[in-house]
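Student: My questions will all concern the structure given below.
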Amino acid sequence: MSDNDELQQIAHLRREYTKGGLRRRDLPADPLTLFERWLSQACEAKLADPTAMVVATVDEHAQPYQRIVLLKHYDEKGMVFYTNLGSRKAHQIENNPRVSLLFPWHTLERQVMVIGKAERLSTLEVMKYFHSRPRDSQIGAWVSKQSSRISARGILESKFLELKQKFQQGEVPLPSFWGGFRVSLEQIEFWQGGEHRLHDRFLYQRENDAWKIDRLAP
């Protein structure tokens, strides 16, 4: 098969979206109510990693970067994730705190996009979550200098075993280079796939203490 034939096959990959629509009359005033409903349905549908979200940031040269992390908490203050504070994304957020999140629930023909500003969590919040993690995950947080170049996986595995021995007694301490961010809720867009590519899109945009809702063309 030639490269051109393969590209033609990819170009024809598509399907109709038929799982239902989204109507203005059915929307709650608060977008978190709809988000909670959709997230619950994603969990009930047993989607793989229903809390997985893409975090998009930009560096000092306006070069965008994306990666997938797990949502760990959400409320009216924002959406929370945790990371190594020496990571690329943490440095980029420090330089430019404006970020975008995306929840891609393909099986349900849905996606949710959040736009807001990321702020560091308090040490108390981070410590509370850190000590709720499985012990091996706590140790794993100590192992990796995230985004740095390494020559082989064995370096990580050896370091993990070394630290597992070191921390075998008592609590695993919270690394000073590990923390979390809360992304404020300035805009939330809900997308529901529709037949004939007539998808339903609704944008919630915060205006003072209320939410303005607009339908967007697909």
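Backbone N, Cα and C atoms are what each Cβ position is placed from, and that goes for glycine too.
Quick paste from Swiss-Prot:
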type    : residues                                                                          : note
BINDING : Arg14, Arg15, Glu16, Tyr17, Lys72, Tyr129, Arg133, Ser137, Arg197, Leu198, His199 : substrate binding site
BINDING : 67-72, 82-83, 88-89, Gln111, 146-147, Trp191, Arg201                              : FMN binding site
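Just tell me what is around each of these and how deep it sits.
Tutor: Secondary structure at Glu16 (substrate binding site), as computed by DSSP, is coil. Under a cutoff of 8 A between CB atoms, and with a sequence separation of 6+ in the same chain, the neighbours of Glu16 (substrate binding site) are Glu195, His196.
Counting only same-chain residues six or more apart in sequence, the Cβ atoms lying under 8 angstroms from the Cβ of Gln111 (FMN binding site) belong to Leu102, Phe103, Pro104, Trp105, Trp191.
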Student: When the Cα-Cα distance from Arg133 (substrate binding site) is computed for each of the binding-site residues Val69, Leu71, Tyr82, Arg201, which gives the smallest value?
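Tutor: Closest by Cα distance to Arg133 (substrate binding site) among the binding-site residues Val69, Leu71, Tyr82, Arg201: Tyr82.
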Student: As a test of the contact definition, list every same-chain residue at least 6 positions from Lys72 (substrate binding site) whose Cβ is closer than 8 Å to its Cβ.
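Tutor: Listed in sequence order, they are Thr51, Val80, Phe81, Tyr82, Tyr129, Gly180.
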Student: Just to be sure I understand the packing, how many Cβ atoms besides its own are within 10 Å of the Cβ of Arg14 (substrate binding site)?
Tutor: 7
Student: Only counting partners 6 or more residues apart, tell me which same-chain residues put their Cβ under 8 Å from the Cβ of Val69 (FMN binding site).
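Tutor: Result: Ala52, Met53, Val55, Phe81, Tyr82, Thr83.
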Student: Rank the binding-site residues Arg88, Arg133, Arg197, His199, Arg201 by how many other Cβ atoms lie within 10 Å of each Cβ and give me the one with the fewest.
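Tutor: Fewest other Cβ atoms within 10 Å, among the binding-site residues Arg88, Arg133, Arg197, His199, Arg201, is found for Arg197.
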Student: Give me the count of other Cβ atoms within 10 A of the Cβ belonging to Arg67 (FMN binding site).
Tutor: 14
